Amino acid sequence: MRHVAPLGADAPPGDFAEGRVLRHLHRLAVDIPGRQEGSPGLEAAAQYIMGELEGLAARAGPEYRIEVEETLVSGSFSMMFLRHRVTLGYRNHKNIVMRISSNVSEDDDPSLLVNGHFDSPLGSPGAADCGSCVASMLELSRLIIDSGWVPPRPVIFLFNGAEELFLLGSHGFIKTHTWNSSISAFINIEASGSGGTDLVCQSGPGSWPSRVYAQSAKYPMANSVAQDMFGLIPGDTDYRIFAEDITNIPGLDIIFVLGGYFYHTSYDTLENLFPGSIQARGENLFHLVKAFTNSMSLKDNETSNKAAKDGIEDSRAVFFDYLTWFMVFYSRDVSLILHSLPIAIFLLVPLFLTFPNITLMSWSLSLLDLIRGMLLHAFGVILAIFIPAGAAALRLLFTKNAMNWFAHPYLAFLMFVPASLVGLLLPRNIWGLSEQTHFWGSFGLYSVITMAYMLAGLSGGFLTFFISMSMLLGRFISSIIKRQWNQQSPKQIMCRLLVAYVVPMIPCLLYCTYYGGFLIQFLIEKMGMMGSLPKPYGFFVPDIIVGAAVGLVVGWCFGPLAPIATRWLSKTSILQGLLQITVVALAISSQLFPYSTGAPKRVVLQHTYVTDANDVVDSNYGFSVVDANSLEFLFNNAPEAAKWLKDNSELSFEEKYRSDRSSWVALYPVPFLFSGSLEFQAQTDEIRKHYHNFPQLHIQKTWSNNGQRRVHLNLSLGSLSEIWTAVLNVTGPLSNWSFADNMLPAPQTVSGGPPSYICRLSGKSDVDWSFWLEANSSESLRIDVAVLDQYLVDSTKKLKSLFPSWADLTAFTTFLSTYYL
């Protein structure tokens, strides 16, 4: 977003100014030490937001109707996250809502919701995620009032205080607030990185939210294929609550996606935000708010939901931005026609090639020749994917470090692009193809892929459609040039044909490079949090994925040029040169360290106290990582921390020191991203200096009837004061419980143990939790209680400080106890 000039805090009041947003953000992410659930900073942030909104309401003109409310939400429900079922119970989470409307509006007028969360994840200042969101919303609400623009429909701003705890703030609002029935569209703003343009990652139900965006965004960045791929990333947003799980309100999910190195780390700071990103976001949002509130499609909530459920509105459209300059948008119905054109042309080409001697036999032979070209080009694309993936795996056989490209993204291109080109050029070198067969074969491949996307109901076919039609245009123009210059020498003709073919394709090639480069950078950044897989194969997975992804991008960037360019490039000497570049790049990469403070390694440190009543019976340090470089790599490169641990216990990577996922139940279901976790003994008495009473579960009463038992329980959280969440892991003959409207979800399995029913509890900790469990036999119920507290004893703080700056540790304390009923 370097082309977007951020405005300073002294910008005219009628403009959105990044400088004013940064003033709010400095207060939220610097002056306030942390906005995590259970920390004092969360309440301080809520009070700051409330004060700013009340100040706006006080100075608004008489033409406005301004309402500001602070609400506490409670509830319980079940959801799937990371492909595992979890039940959630919550109480007294704080939301702040503001409604701006005209002085003649009614309470039930169709409204637009703008949502962002002000809580931050464990161990992170949350400058981008999502301090930047709420600070932008504060500036946007100011802009509406100070610009004198009165929205024709009400605009509701929801500052929700519990998104990081599995979307609880938005769930509480949409289930309990009196304004929820008026909401007819929403814009959810999020951050999984430190900037770049806001990417529209999800849109719907229906296509009109994306159409409004396409028509109104000043700096558009949207891609309908993002929704197809969203589920592959370990995470979720409030979009799910508003548009999918609870209601079917049409809306947009707009997310900062670049700068993902800092996402959910202590480096998510004000200094690491990308300048210009907030400015672009704010200007886009103001245009979007105006467009949504003026849209005729903004219906009342009941009509909007019914239209979405019944499919009255058209399904998801196809859309993408072109270099953030403008949007291309067309409906699903139009895409059915457009995306069918390439395959229809491919089937008609044999008629033109055999004209005027057209027979069924000649058409069939010509088609078979084109299919041969298509298969060979497809083989080349497959090789372009597999050769760099194989090179990545081969490198790891001779080095101890995976992901060397993580802190040096250019290495991924240097290592894998030449290898991919070798794969793409090799079939032409081995088998040989006529230029005509190669061109129409490659055109046919992209046509088939376009058709496959369309039949699968996905939206990514626009890229191969763009490629195939650009190839057709280049072919048409080069054919005309060839007829005009047929008197010149063959060398001159070929050079001019190459230019005539490439020039019409420049818009397509630019887009492919832009889209492919963005995809690779995004993928590299996310590899630091995608999870660690068991050895030995998990060590290879990220490198293979990035190598294959680079190969795929080369396939769509260079593939359209291959029919013309391979005539000169598919020579043995050139292939050897590309392989030599690959080998040199692989050798260089092995000498570079995978991490830096600009690309930190995520490490989880859990100090566990195993308690029995009010006694500590055991204590240990648990470590885990969420990428391919194991804890052995971490401690080999963190000698001071390793030495400190060795002085306190035996530092070993043997099997007996490994911990299973059940010891990490306080983070459930996130531990399914862990493997190879370790635990080491720790002191048991230090916690007594800070906490005198530990969490305990008490039986209040028991009721039995015809083999059914109902046990009423009381969970006291003791004197713990910085609680993030409490987790109940129930195993045994459980038949019902008082959570999630008395509905028992499907059981889960943790570390190969018995079926478990898991519930996460969060919210006000100075009051006990009361609930009941039912069992359908006399067999005992086992309840594991894990309470995650953010307080660290001095020894844990010392241990954390011994790790190098490139290792970002999320550290917390867990109190674990077990009960049998």
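FYI, residue positions are counted from 1 along the chain as it appears here.
Just so you know, glycine gets a Cβ as well, placed from its N, Cα and C.
Please treat TrEMBL annotations as automatic predictions, because they have not gone through curation.
Record features, source TrEMBL:
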type	residues	note
DOMAIN	95-288	domain 'Peptidase M28'
DOMAIN	599-819	domain 'Endoplasmic reticulum metallopeptidase 1-like C-terminal'
TRANSMEM	336-355	transmembrane segment
TRANSMEM	375-398	transmembrane segment
TRANSMEM	410-431	transmembrane segment
TRANSMEM	451-477	transmembrane segment
TRANSMEM	498-524	transmembrane segment
TRANSMEM	544-562	transmembrane segment
TRANSMEM	574-593	transmembrane segment
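Contact between the transmembrane segment (336-355) and the transmembrane segment (410-431) is absent: fewer than three CB pairs lie under 8 Å, with pairs separated by 6 or more positions in sequence. The transmembrane segment (574-593) is not in contact with the transmembrane segment (498-524), judged by fewer than 3 CB-CB distances under 8 Å for residue pairs 6 or more apart in sequence. Outside the transmembrane segment (410-431), and at least 6 residues removed from its termini, the chain residues within Cβ reach (under 8 Å) are 376-377, 379-388, 391-392, 395, 404, 438, 520, 524, 546-547, 550-551, 554-555, 558-559, 562, 566, 569-572, 574-575, 578-579, 581-582, 585-586, 588-589, 592. Tertiary neighbourhood of the transmembrane segment (451-477): same-chain residues 224-225, 227-228, 316-320, 328, 335-336, 338-343, 345, 439, 442-443, 500-505, 507-509, 511-512, 515, 556, 559-560, selected by CB-CB distance under 8 Å and a gap of 6+ residues from either end.
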